[in-house]
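Student: Here's a structure for you.
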Amino acid sequence: MEFEGSKKITLLGSTGSIGTQTLECCSHLGYKINALAANRSVALLEKQAREFSPRYVVVSEKESYSQLKLALHDTDIKLLAGVEGMCEAAALPENDLVVNSVVGMVGLRPTLAALQAKKTLALANKETLVAAGKLVMDTARANGVDILPVDSEHSAIFQSMQGSSSKEVHSIILTASGGPFLGKTAADLEKVTLQQALKHPNWEMGAKITIDSSTLMNKGLEFIEAMWLFHLRPDQIEVVVHPQSVVHSAVEYVDGSIIAQMGVPDMKIPIQYALTYPRRKPTPVKRLSLTEYGNLTFLKPDLDTFVCLSSCIDAVIRGGLYPCVVNSANEQAVALFLQQKISYTDIGKCVRYALDHYSCSRDRYTLEDVLFTDQQVREMIKEYCLTP
Ligand SMILES: NC(=O)C1=CN([C@@H]2O[C@H](COP(=O)(O)OP(=O)(O)OC[C@H]3O[C@@H](n4cnc5c(N)ncnc54)[C@H](OP(=O)(O)O)[C@@H]3O)[C@@H](O)[C@H]2O)C=CC1
Ligand SMILES: CC(=O)[C@@H](O)[C@H](O)COP(=O)(O)O
Ligand SMILES: [Mn+2]
């Protein structure tokens, strides 16, 4: 269905980096917010609720519910709680579009709820597709629903594929900034601090994805995300390091033509494309000047040093629940690193350890299998890291 006017949006993860930028886009597009959801940022949720007047606000963390209830007592906004609340908000009949921008595996059930309710899904929450790609894509297909990519690389690939048949696609070039530690050796990485890892050279993002970008885990997750979104085999994806983050990714066609999408590194461009698709509207973003950059560079990734990327590729080649295993190991390891309980290089060791030691299905799986594997792998990593 094509919309020329306003749309009603449910936004999951509204207080985060993607969430707040989505609200900026909705404001200038004149789109209505039907529901907002976050984990526990009560003050920001209250501010957003007062500005956008949604019908529903969901707070995931149970303890924050009473605080928000008190804060919004003078409004007629309905409050929902927990993952169940996010699922309810995702499936509201009046939604035209659900934007899932929560971080981590917790986004999986709301993603499935939106698809089962036949709601078009703008997906930033890449962990969902990595952990349960087959389940998510099968649910989308069974319900005849589109998944619109928000992740900048996948939006670039999607944009570069408009007007072409999938049969004409030869392969894709998935660009990576290389993160703050591009060119570093394994020995250099041993000394990395939390503060250094939290500083991405080109993008302002949430803490978890910023760490993932620095280890190249983000590119591993994106490799798997691209396979599911665009029905590609692993040998059809080439990761290319491009430190300027101006070419956001490209598609190579059977005739040898390569079509890329370019722009300044600003997530409002891919976010807005998912909101207005298949149309384009002006964005409040700086224009790209190629002469300002002068040179654009492209390099091969160092798979020996950045072991998270190679672990993800190994996992997706094994298939089944192995992508879920590497994702859950990484989520747990990054949480421990952010709490300064493990070192930077322990993240890559955890991901490889889980892949080598956790035994699971290489075949079909259910939602319950995914949730069980996630819990088991998290326990395994806590034991691996925290047992003296
Ligand atoms: N930031 C970026 O530029 C990009 C991000 N992405 C992907 O988008 C997703 C979001 O990233 P980003 O915005 O950076 O992350 P942030 O950490 O900035 O925001 C995460 C959001 O998720 C919410 N959240 C966290 N845990 C839960 C939970 N248990 N229940 C409900 N809500 C929860 C947070 O709420 P609260 O504030 O209350 O904690 C917050 O609103 C990730 O999957 C990331 O990989 C993809 C491409 C680019
Ligand atoms: C903005 C965005 O899409 C991030 O996922 C980005 O890709 C991070 O950059 P790198 O992972 O390439 O460093
Ligand atoms: Mn990305």
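Using N, Cα and C of the backbone, Cβ positions are placed for all residues, glycine too.
Bear in mind that the values here come from a model prediction, so they are computed numbers and not experimental data.
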Student: Same NADPH site as Thr15, Gly16, Ser17, Ile18, Arg40, Asn125, Glu127 according to TrEMBL: which of Gly206, Gly220, Gly256, Gly263?
Tutor: Gly206
Student: Of His170, His200, His231, which one shares the 1-deoxy-D-xylulose 5-phosphate site with Lys126, Ser152, Glu153, Ser177, Ser213, Asn218, Lys219, Glu222 in TrEMBL?
Tutor: His200
Student: Centre the Cβ atoms of Asp151, Glu153, Glu222, go out 8 Å, and tell me which other residues of that chain have a Cβ in range of the Mn(2+) site.
Tutor: Lys126, Pro149, Ser152, His154, Ser155, Leu174, Asn218, Lys219, Leu221, Glu225, Ala226, Ser249
Student: Pop the Cα-Cα gap between Gly206 (NADPH binding site) and His200 (1-deoxy-D-xylulose 5-phosphate binding site) into the table, whole Å please.
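Tutor: Their Cα atoms are separated by 10 Å.
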Student: For ligand 1, list the binding-site residues among Arg40, Asn125, Glu153, His200, Asn218, Glu222 whose CB atom is within a distance below 6 Å of it, in sequence order.
Tutor: Arg40, Asn125
Student: For Ser17 (NADPH binding site), which residues of its chain lie six or more apart in sequence with Cβ-Cβ distance below 8 Å?
Tutor: Glu204, Met205, Gly206, Ile209, Met267
Student: Using the alpha carbons only, what distance in Å do you get between Asn218 (1-deoxy-D-xylulose 5-phosphate binding site) and Asn125 (NADPH binding site) once rounded?
Tutor: 12
Student: Among the binding-site residues Arg40, Lys126, His200, which residue has the largest number of other Cβ atoms within 10 Å of its own Cβ?
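Tutor: Top count of Cβ atoms within 10 Å goes to Lys126.
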Student: Calculate the distance in Å between the alpha carbons (Cα) of Asp151 (Mn(2+) binding site) and Gly16 (NADPH binding site), and round it to a whole number.
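Tutor: It is 14 Å, counting Cα to Cα.
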